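Accompanying notes for the structure given below.
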Amino acid sequence: MEQNYSFSDIEAKWQTRWNEQQLYKVTANPDKPKLYILEMFPYPSGKIHMGHVRNYSIGDVVARFKMMQGFNVLHPMGWDSFGLPAENAAIKHKQHPAQWTRNNIAYMKNQLKQLGFSYDWDREVATCDRLYYKWQQWLFLKIYEKGLLYKKKSIVNWCDECNTSLANEQIEGDKCWRGHTSIGQRELEQWHMRVTDYADELLACCDSLEKGWPERVLTMQRNWIGKSYGTSVLFPLADGSGDLEIFTTRPDTLFGATFMVLAPEHPMARSLCAGTPHEPAVLEFVNKVGLQEKAVRTDDATEKEGVFTGKYAINPLTNEQIPIWIANFVLMEYGTGAIMSVPTHDQRDFDFAKKYGLPLRVVIQPQGETLSAEEMTAAFVEDGFLVNSGEFNGLPNRDAIQKITEHVAQKGIGKATVNYRLRDWGISRQRYWGNPIPMIYCDDCGTVPVPEKDLPVILPEDFEFSSHAGNPLTKMPEFFNVPCPKCGKPARRETDTMDTFVDSSWYYMRYTCPDYDKGPLDPESVNYWMTVDQYIGGIEHAILHLLYSRFFTKVLRDLGLVKFDEPFSNLLTQGMVVAPTFYRDLPGDKKEWINQGDIDIATDERGVPVSATLKADGLPVIIGATEKMSKSKNNGVDPQSQIDKFGADATRLFILFAAPPEKDLNWNDQAAEGSFRFVTRMWRLVYTTLPDIQGVQVGEIDHAALPKAVRDLRRKTHSTIKKVTEDLDGRFHFNTAISAVMELLNEINGVVLPESGADRDIAARVLREAVEAMVFLMSPFTPHVCEELWEVLGHTKSIFTEKWIAFDAEAAKAEEILIVVQVNGKVRSKLTVAADASEDEIRQGALTDERVVAFMEGKTPKKVIVVPGKLINIVI
Ligand code: ANZ
Ligand code: ZN
């Protein structure tokens, strides 16, 4: 009767059935509470990787569990399908980006289906679909009308390899977000969204997210917004030709400002020294720093460099002339692009002053100490009391911050100001494969929005995509030559496309109404389904994507399109999938990275590789660090190979079992096989118990009246249900939930039913209950095999339409018994302990019992006698 566990047949069978029954299709339903479970949509790069499998497996468990708990669950999937890699790949493979993208989507969609995720595929959205980008263009126009979009010439970060501009957020260290190192700067006209208009609200709302978002992500968001309270002060130029405005967070140190520094990009940097002997040196310096990257420039480790402008300003409080310098560590984007330098109390200024021999003056001193400028080896950055500061001497410096700000305000030369690190979002990209910006430039009428009736501006796809660098739209007169919508004269269409982060800023709302064509969002649907109750994705999107989505939500709200303030109520950032790396040294300090699949690995008892040799020739390879799976280190494991070998269920199970979702998951081939063995054991167990439990009705069971052995099994069943339910409800303790079911399986495995009679009847009912619970509890993790076993057990409806299994709290409790405690043979107390408590536990319990302690009067017992299940006697 027992059948082999043939995962490929079972998985295909259920995928087809779920599809036919439209099991995961949802519509608004007033009878159930709604729940929106969302995973970050993938970029269709070709095939799914382990990171995707992890992300989506986590989401699928939550979605299925909640569905069975009776929620109306929205669980959609789509494609972040515009973007540069499509163009690069197209150039490489001589295939049109559109075709390349659509092929990848088809392939990856099939892979996701093979993994059996519970998506409502009717809601699939691809950002490169005409309907989607049409409504995004419409949004662009509305945002423009609202004054939140503007064009400005700006110096942009430019990646030569991507051949496009990048937002500040898309630069990490000295690399672009795609890992290229060839970044520089260019001046371009770019469309910008006024994110800074929402800086305060974005910051304030961080507090409301505290309950559902990881603290780490909120901190990153807060730092990115970077609100800082300070003071702006005007320093007159010594020659009377104007003022220089600075921003400082430390006005208390104003009397100690002994020089000033401008950013190289500051407009005055060039003008101050124009025509003077200082000009050539200044220009040379400005050009040199212009090529340096901002992240490097402000890094503490970077050498501070500068040049004197030859000009002086006047410190408005000391009336001294102080020199004006230009230096790399001051950025134009922050504050006013000019600072007052206080070398005694700021380390950067200190380093700079020492290097160029600039004067120092102490203005803050710790109590009871006298700092001397000559002897200082580092800036004094702690709190203290003011000195050398005229009428402010003796004030604690914290108080002086306010006092001096008031003072400069009274004099009309300064005021309290708030500064943000956050910049407006430059969204223009000089690329083809993106959403065309719906704007037209006319010589007479200026910038003219594309009229709504002409939307969408269609991205032309029927042309030969050749390998020419840059944006092919700029070479297509049929695209960019258009009559001006206002005056009808020849005009020129914008050829830049939108940053793909615009696409991903609202896709999750579009899932609620993917086919809607009267606007971007059907008000009823979007307000019914949103907000996203649980968002799951990688930490790499902790800043960019989440901040832009939050910004977009607020803009859409202010446009009257949605009725909520924040998009994602709860956020889970999953850890990375990491794996050991293996390599051989090659001549010239190079390494050849070798894939796990090509080597034999010897591991220690914890599964950690200790030595490795090449399968092909037995030669040793070096074991490198354990790192995020990546192409460059060749340490990736292709999910497809796992699915083919072990099936979707076992692949998912391993991923969910190997580590808690927030932690990094270390890939380990043996453990992946272990998951497969577990699924097989569960399968077999159902078949071996089937003759005993087939057709048996579990019915009402009087737990207390059960014979001991049967009662123990039932307790295990119910305590396991309780454990799994608690591990899944509002938490993501998948690994401990799975181990609990593994324990239950072991317990069931040992059960032998009595030959016949009433005892056998009740035992069979309890056994059936246990087997069903096991299958039920595993179903969110390994849905296919559980559906199959559910059917084998005689059920005719999908397990996922069943109500989540309830537990009998009484039965789940560990059984307790009463133990009599004697001291020197006299009963002194009674102790309640678990029925299966060990002698040690009973002894511990008795010796710490309040009444017993009192009778022992601090003496140590000579002897302790335990009669299991009955009494304990302490002899003193
Ligand atoms: C004088 C001073 C004295 C400063 C002192 C600090 C300590 P946050 O907190 O990040 O807002 N600063 C201002 N604009 C700058 C720019 N464009 N590029 C580089 N540095 C700039 O930092 C504000 C402080 O950073 C300001 O306060 C200014 O230095 C510097 F004992 O002014 B301070
Ligand atoms: Zn015109």
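Quick reminder: no glycine exception, Cβ is built from N, Cα and C everywhere.
When the ranges 42-52, 581-591, 603-613, 636-646 are checked against TrEMBL, the one recorded as motif ''HIGH' region' is 42-52. When TrEMBL is compared with the stretches 333-337, 388-392, 468-472, 628-632, the one noted as motif ''KMSKS' region' is 628-632. If you take every residue in the domain 'Methionyl/Valyl/Leucyl/Isoleucyl-tRNA synthetase anticodon-binding' (712-840) and average the pLDDT, you get 93.
Counting same-chain residues at least six beyond the ends of the motif ''KMSKS' region' (628-632), those with a Cβ under 8 angstroms from any Cβ of the stretch are 49-51, 576-579, 593, 667. 13-207 is the stretch from 13-207, 422-579, 627-667 with the greatest number of Cβ pairs below 8 Å to the domain 'Methionyl/Valyl/Leucyl/Isoleucyl-tRNA synthetase anticodon-binding' (712-840).
With a cut-off of 8 Å between Cβ atoms, the residues of this chain six or more beyond the motif ''HIGH' region' (42-52) that come close are 79-81, 83, 85, 89, 101, 104-105, 107-108, 111-112, 538, 576-577, 629, 636-640, 655, 667. Secondary structure from DSSP puts K631 (ATP binding site) in coil. Cβ neighbour count for K631 (ATP binding site) (all protein chains, 10 Å cutoff from its Cβ): 9. In terms of DSSP helix, strand and coil, the domain 'Methionyl/Valyl/Leucyl/Isoleucyl-tRNA synthetase anticodon-binding' (712-840) has 73 helix, 17 strand, 39 coil.
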